[in-house]
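See below for the structure under consideration.
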Amino acid sequence: MAFDLDEAIGAGRVGFFTDTSVCIGCKACEVACKEWNAVPEDGLTFTGMSYDNTVGLGADTWRHVAFIEQRRPLGHQEPGLNDQDFRWLMASDVCKHCTHAACLDVCPTGSLFRTEYGTVVVQEDVCNGCGYCVPACPFGVIGKRERAGGGTAAKCTMCYDRLGAGEEPACAKTCPTDSIQFGDLEELRERAERRLEQVRASGVTSARLYGHDTGDGVGGMGAFFLLLDEPEVYGLPPDPVVTTRDLPAMWRHTATAALALLAGMAAAAWLRRPGTASTAGASTTADSTTAALRAWAGTAISRRRA
């Protein structure tokens, strides 16, 4: 892993803040992403349900603009009137570049890695096409691009090559309303808090931030959003959880238990040496060591469950 996870939470990490309240659904971000990253086209036909032709994120859709039509009562109506109108909700979705990235954790080849910017990137020349990362992502972001001779995983790189040249990602640069904002992640979180207060003060009390909390199930997202309604309305999971986030701690506990077991076995073997202790005494010591290890393991498991 090229990036320290502890450092990723602090200064130096970059990301996206998407303010959906000013998104106009122009799809400039989709076009810019495809053009810069040479992402293949993924269908030009509208779904029939909205002005959406890509439906969701995937191997050939690294930016997806969602169009949500909501039927809402018209404001300032006289009592008894039931006329209703549509409200458009538009949002440009993207890979979240999670602090605890399940796709990275399950990758057996190291194809997925964390960059010096805190982003998660796929190395297509290292990917073996196993597809483990696809179901691991709680957002359905990453996909497998089929090719002759096998497929490889593909997703948003946050324009890793542009970042190295001191440029912002193509989608953020092309956004005409500044709905997609790029920069230092901590600064973006502060900006998002101020913007949320403004939107709520304007009367949109249902507005909320999504993915900015470092205490959530993915440890905070590198791409978070200001939404005007509940996450489910936008097709986002309300409480995403990455089950692999505890893997480092689990490995540490396993290593500690293994070392303790080896130490106990070594002590028992030493006590069984001729002239060192009686067989009965050695057996008693070994039994005591085994009982102690079982008690320790039970305590550790109880703490993990708590």
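Cβ atoms are placed via backbone N, Cα and C, with glycine included.
Annotated domain '4Fe-4S ferredoxin-type' per TrEMBL: 14-44 (among others), in sequence order. The average pLDDT the prediction assigns to the domain '4Fe-4S ferredoxin-type' (14-44) is 93.
Within the same chain, the residues at least 6 positions away from C175 ([4Fe-4S] cluster 1 binding site) whose Cβ sits under 8 Å from its Cβ are A28, C29, S92, listed in sequence order. The [4Fe-4S] cluster 1 binding site annotation in TrEMBL covers C23, C26, C29, C175.
According to DSSP, C156 ([4Fe-4S] cluster 2 binding site) sits in a coil region rather than a helix or strand. The [4Fe-4S] cluster 2 binding site annotation in TrEMBL covers C33, C156, C159, C171.
Annotated domain '4Fe-4S ferredoxin-type' per TrEMBL: 86-117 (among others), in sequence order.
Look at C98 ([4Fe-4S] cluster 3 binding site): DSSP puts it in coil. Here the Cβ of C98 ([4Fe-4S] cluster 3 binding site) has 27 other Cβ atoms within 10 Å, regardless of which shown protein chain they belong to. If you look up TrEMBL, you'll see C95, C98, C103, C137 marked as [4Fe-4S] cluster 3 binding site.
Under DSSP, C107 ([4Fe-4S] cluster 4 binding site) is assigned to coil, being neither helix nor strand in the three-state scheme. Counting Cβ atoms from all protein chains shown, C107 ([4Fe-4S] cluster 4 binding site) has 23 others lying within 10 Å of its own Cβ. The [4Fe-4S] cluster 4 binding site annotation in TrEMBL covers C107, C127, C130, C133.
Annotated domain '4Fe-4S ferredoxin-type' per TrEMBL: 118-147 (among others), in sequence order.
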Residue distribution over DSSP helix, strand and coil in the domain '4Fe-4S ferredoxin-type' (118-147): 4 helix, 8 strand, 18 coil
Cβ neighbour count within 10 Å of C95 ([4Fe-4S] cluster 3 binding site): 26
Contacting positions for the domain '4Fe-4S ferredoxin-type' (118-147) when only residues 6+ beyond its ends and CB under 8 Å are counted: 3, 7-8, 12-15, 40, 56-60, 94-98, 101-112, 153-158, 160, 163, 185, 217-218, 222, 236-237, 240-242, 244
Rounded Cα-Cα span from C95 ([4Fe-4S] cluster 3 binding site) to C127 ([4Fe-4S] cluster 4 binding site), Å: 18
